[in-house]
Amino acid sequence: MKKQNNYQIPIYIFAVVILTAAVYSNTIHAGFVYDDYFYIVNNPLLQSTSMLKELLTSEYARGYRETAVYRPVANLTYFLNIFIGGMKPHEFHVFNVLLHVIVTVMVFIIAYLLFSSRTAAFIAALCFGLHPVHTESVAWIVGRTELLAALFVLLAFFFYVRQEPAFKISKMIFSLVFYLMALFSKENAVILPLIIIAYDYIVKRIKISVLFKQFFKYYFPYFIMVLVWILVRWVIIGYIVPSGGFRSAGNMNIIERFVTIIRVLGYYVFLQLFPFNLCVDYDFRIESSLLSGSFLISCFILLCCVLYIILYRKKNPEPVFLMLWFFIALVPVSNVIPIGEIVAERFLYLPSVGFHVLLGVLSARLISSRKSTVKRIVASFLIAGLFSGYFYLTFSRNKVWFDSKSLWLNVLKNSPEKTRTQVGIGSVYMEEGDLDKAEKHFQRAIKLNNNVLGVARAWLNCGQIYQDKKQFDDAMNCYEETIKIAPNLYRAYNNLGAVYLAIKQPDKAIIQLSEAIKLEKYDPGVYQNLGNAYQQMGNFQEAITVYEKALNLANQNEEIRMNMVYAMNNWASSFLSNGNFDEAISRYKQAISINPNFEGSYLNLAVVYMRMNKPDQAINLLNSLLNLQPSNEKALEFLFQIYTFKIGDQDQSRQILSKMVKTTISPEKIENFRKLYREKFEIEP
């Protein structure tokens, strides 16, 4: 295409930014949904800003090591969200929309870089920014991994292309850095070297022999980045590639895998062309028949694409390259290596860059055609209609992602026979407190058994329901089933330990909770349960040690703090029962330092002082409590007893009675104290 003046480019980019932001504006008030809770809300490493180092050196899917996922860049963005705005979904959604807008602008820049056409770049960017299939990546917070990977891949590609006409080390360094960031955002970024080689071979028309000659100069550094990425993954999480243990496609034979890959590729082309009836969890069945309709149609679509690439490689190199971009970017998510999904809309985010730039180029050629004014006008109206349709579909689809209930009710309509669907809607009812309805869906999920991880979650949630209903035997059975399926799921061990605590078997609880800590050493809730177990056994010193670990992980958790105070009080009481007053006093003082507002520690320590015949120290202690809580009834009553019967101080006793009147102590109780005063001092107070 003929190069155009670029003074209008900022106007085009501004329009792209406004329209893309507008179509996702109704997502910023949505809540956390689906796996947002697993990866963000309930992630123990995101509960404290002091855990950044651990966050960046831990697996992404905590508790499911079999998934072999390491995405520190995504985790860093979650951390920044929380650091700046707290655990508020609004902040996360705004960040996602901003990322998508930036990626869309990069699509404009890449399209313009390749074709020097404002029109092609504008259409490509708007098609990409408004396309409904991207709602999963943008409206779902943890879909952010797709946005980050795409952004850094596009930046890396941009700096590579900008080296022309000669090699520039500075731009190569920028490209490599962005590529490494893309790899640590999501694994599908690994395809960039293939896209770069395809660009040089197809668009720049570099001969294969020359490609080999310049391999070490231009391409080898990218493979070095891949090697660095693999080594870091190995050191951090101990895996190079997924094990397939939890994978939906992990148990397919060769024929099933081949048929499924072809069908999936064909279906992705269909979704790009016809983005209707979108679904979070597609009921895409595994088939082995080479004569199935979906397989044959997909073969036809792919054959047409292959023929076009072969026949028009030299005549139309840019469109051929964009088609290759689409299919190359789909390779990591096509289940050549088993992944967590067979079909997912978010997997189209990076591949669709090629599709939409191609659409932009073809549309621009129609509009700029000089052969027929009517055709140009009709083409312009069709493209405007396409934009309007995309905008409407995307804006409407965003509403499905507003909260968990709207999301899973929508999925239930499309894929009722999926395990994950039943777990999702069951979790919604569980959150609402409708445990019977939730249990039915979890049992249905277990019966369907078409997603291993989903079944594990169903058993886990059933166990929680039975635990809440105090059906502890059933709860234990459920947690044991969970552990059989997912032996690295620490929450199952934690919950099983909590059941043993509930039935007063702390020794068994300690075994389960210790196993949970081996798998997840940063969850304060597990340490809290372990501390409770030691306290139940009477090992208060160990309980306090464990509670301290819990508090270090969750500084603001008042429940853990109070459990530690209770343990300290119980420990002090054990010393007191053995006549060891000094140790008892020391522990009670420690309890007060942990929580200065807990009255029990003051009252218990005052009792010790009275047993040691030190009423003055007891009085000072109780007055300290009253300074914090002026209307504390127990402190006032205790002081009245000391002044009246131990010291015999008539004036102080009367003053305490006056203070009691101003509290919520019942008139009958106050009258009883007056009676005691009269009997002791033989005078009206």
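The backbone N, Cα and C atoms fix where each Cβ goes, and this holds for glycine too.
Just so you know, TrEMBL annotations never went through curation; they're auto-generated.
Copied over from TrEMBL:
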REPEAT    419-452  repeat 'TPR'
REPEAT    456-489  repeat 'TPR'
REPEAT    490-523  repeat 'TPR'
REPEAT    524-557  repeat 'TPR'
REPEAT    565-598  repeat 'TPR'
REPEAT    599-632  repeat 'TPR'
TRANSMEM  12-34  transmembrane segment
TRANSMEM  68-87  transmembrane segment
TRANSMEM  94-115  transmembrane segment
TRANSMEM  138-161  transmembrane segment
TRANSMEM  173-199  transmembrane segment
TRANSMEM  219-242  transmembrane segment
TRANSMEM  254-270  transmembrane segment
TRANSMEM  290-311  transmembrane segment
TRANSMEM  320-340  transmembrane segment
TRANSMEM  346-365  transmembrane segment
TRANSMEM  377-395  transmembrane segment
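When Cβ distances are compared across the two stretches, the transmembrane segment (320-340) makes contact with the transmembrane segment (254-270), since 3 or more pairs at least 6 residues apart fall below 8 angstroms. Sequence-remote contacts of a segment are chain residues at least 6 beyond its ends whose Cβ falls under 8 Å from one of its Cβ atoms, and for the repeat 'TPR' (524-557) they are 44, 47-48, 51, 490, 494, 497-498, 500-501, 504, 506-507, 509-510, 513-514, 516-517, 563-564, 566-568, 570-571, 574. Under the criterion of 3 or more C-beta pairs below 8 Å, with sequence separation of 6 or more, the transmembrane segment (173-199) and the transmembrane segment (254-270) do not qualify as touching, having fewer than 3 such pairs. Across the residues of the repeat 'TPR' (565-598), the predicted structure has a mean pLDDT of 91. Through the fold, the repeat 'TPR' (565-598) approaches residues 531, 534-535, 538, 540-541, 543-544, 547, 604-605, 608-609, 611-612, 628-629 of its own chain, all at least 6 residues removed from its boundaries and within a Cβ separation under 8 Å. For the transmembrane segment (254-270), the partner stretch with the most Cβ pairs below 8 Å, chosen from 68-87, 94-115, 138-161, 219-242, 290-311, is 290-311. Counted over residue pairs separated by six or more positions, the transmembrane segment (346-365) shares fewer than 3 Cβ pairs under 8 angstroms with the transmembrane segment (219-242), which leaves the two as not touching. Per DSSP, the secondary structure of the repeat 'TPR' (565-598) breaks down as 27 helix, 0 strand, 7 coil. Highlighted: of the candidate stretches 12-34, 68-87, 138-161, 219-242, 290-311, 138-161 has the greatest count of Cβ pairs under 8 Å to the transmembrane segment (94-115). Per DSSP, the secondary structure of the repeat 'TPR' (419-452) breaks down as 29 helix, 0 strand, 5 coil.
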